[in-house]
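One structure is given below, encoded as structure tokens.
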């Protein structure tokens with residue numbers, strides 16, 4: 001089954017391994033499609049929409065400026081005072097249709113972390129998470145409703161894939177986060193969104209066209225986009241080799257995060273099933289090509305699972321793969337999910353793994369976990385059942401403790417990882 005680009009409706013060709021083996025990217029499929037939205041359109045396309053409504057082309061640029069620069073929502077037409085009142089609603093209906101409906105919002109970490117469960121107009125479910133730190137604000141976005149990669153320790157993978165998200169559905173998650181931060185709806189006062197990580201639901205590179213278009217919208221300056229720095233964007237992948245190589249040629253110096261989780265094929269075949277198509281050596285070869293082309297350090301994601309992949313022998317094997325490379329290891333103590341009996345490595349085991357990598361000269365970070373109490377941490381996003389939408393003005397507060405790994409002293413990365421010194 002081919003993957004469909006929601007913004008165009010055209011099927012993408014499924015990625016293949018070098019030997020020509022097709023890769024199945026879906027477990028389930030829903031025939032849904034998002035409405036056409038301003039964020040799906042080029043400047044000329046959106047101007048054509050305005051003209052088709054009998055309005056001057058520049059009206060579309062005004063709407064885009066309100067959306068990207070002023071972060072005004074479609075249900076706030078009264079704030080768009082430069083648009084004639086009689087012309088506002090037709091323009092908004094055509095360019096800013098409703099894409100995502102909030103179903104539930106939860107907060108933790110003293111209000112510094114907020115998870116929103118969304119429902120699309122065709123009933124698909126997804127989640128995004130906003131996280132505020134002392135020096136930055138990050139949103140973790142979904143690129144698909146569900147995921148077809150089938151990783152057994154990940155709640156999203158256990159649920160299967162519903163459909164790809166459109167470019168606009170991805171961008172809307174980011175615009176919403178920027179709006180929340182600007183309007184002081186998160187603890188800590190007003191701030192600007194600085195980082196976007198494609199680490200929510202889905203495999204971003206399996207929805208390649210929509211994700212690339214979203215990255216371009218996020219980095220373009222208003223009224224074409226949000227004007228974020230590409231260096232503040234991170235795209236995670238389980239290792240779709242052809243797509244990694246293609247990404248290197250896009251001229252977008254985003255951070256590539258490779259979800260490795262094991263240094264050997266025997267174990268990784270079990271933890272990351274796509275490894276049977278592209279083994280570890282091929283995935284890392286593509287990652288090193290990406291680093292060479294972009295000059296960006298590759299983040300190697302590694303979930304520490306008690307008694308599975310956390311022994312020092314595997315730490316040595318991982319170091320052998322990475323020594324001398326433009327990369328760092330981001331260790332993630334496994335977060336609990338309902339469908340898995342695995343658990344995080346014990347603190348002593350985590351420390352031993354970190355020590356072994358550091359002794360080999362590998363830059364190592366340990367994720368400063370956010371959102372575990374509200375199932376918003378890495379690997380926990382599974383989308384709550386779509387029910388009656390509710391307003392998110394007063395998110396439910398759950399817990400307040402922030403997990404600090406090992407009491408380590410050091411700086412943190414834009415993704416919230418603690419650099420151990």
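Using the three backbone atoms N, Cα and C, a Cβ is placed for every residue, glycine included.
Its own atom aside, the Cβ of residue 127 (active site, proton acceptor) has 26 Cβ atoms within 10 angstroms in the protein chains shown. Sequence annotations record features per position, and here Swiss-Prot assigns active site, proton acceptor to 127.
For 378, the entry in Swiss-Prot reads active site, S-methylcysteine intermediate, with the evidence type sequence analysis.
Neighbour count (other Cβ atoms within 10 Å of the Cβ, all protein chains): 28 for residue 154 ([4Fe-4S] cluster binding site). As annotated by Swiss-Prot, [4Fe-4S] cluster binding site applies to 147, 151, 154, with the evidence given as sequence analysis.
Summarising the annotation, Swiss-Prot assigns S-adenosyl-L-methionine binding site to 202, 203, 236, 259, 260, 261, 335 and lists sequence analysis as the type of evidence. Sequence-distant contacts of residue 236 (S-adenosyl-L-methionine binding site), defined by Cβ-Cβ distance under 8 angstroms and a gap of at least six in the same chain, are 197, 198, 199, 204, 257, 258, 259, 301.
Per Swiss-Prot, compositional bias 'Basic and acidic residues' is recorded for 387-396.
Secondary structure at residue 140 (disulfide bond), as computed by DSSP, is strand. If you look up Swiss-Prot, you'll see 140-378 marked as disulfide bond.
For 133-372, the entry in Swiss-Prot reads domain 'Radical SAM core'.
Among the features that Swiss-Prot reports, region 'Disordered' is placed at 1-23 (among others).
Under the heading region 'Disordered', Swiss-Prot lists 383-421 (among others).
Comparing Cα positions, residue 147 ([4Fe-4S] cluster binding site) lies closest to 202 out of the recorded positions 127, 202, 260, 261, 335. For residue 261 (S-adenosyl-L-methionine binding site) paired with residue 151 ([4Fe-4S] cluster binding site), the C-alpha to C-alpha distance reads 10 Å. Residue 140 (disulfide bond) and residue 127 (active site, proton acceptor) have their C-alpha atoms 9 Å apart, to the nearest angstrom. Confidence for the domain 'Radical SAM core' (133-372), expressed as mean pLDDT, is 95. Separating the Cα atoms of residue 202 (S-adenosyl-L-methionine binding site) and residue 154 ([4Fe-4S] cluster binding site) is a whole-number distance of 11 Å. Using CA atoms as reference points, the recorded positions 127, 203, 335 were checked against residue 151 ([4Fe-4S] cluster binding site), and the closest is 203.
Across the annotated binding residues for S-adenosyl-L-methionine (202, 203, 236, 259, 260, 261, 335), the two most widely spaced Cα atoms sit 19 Å apart.
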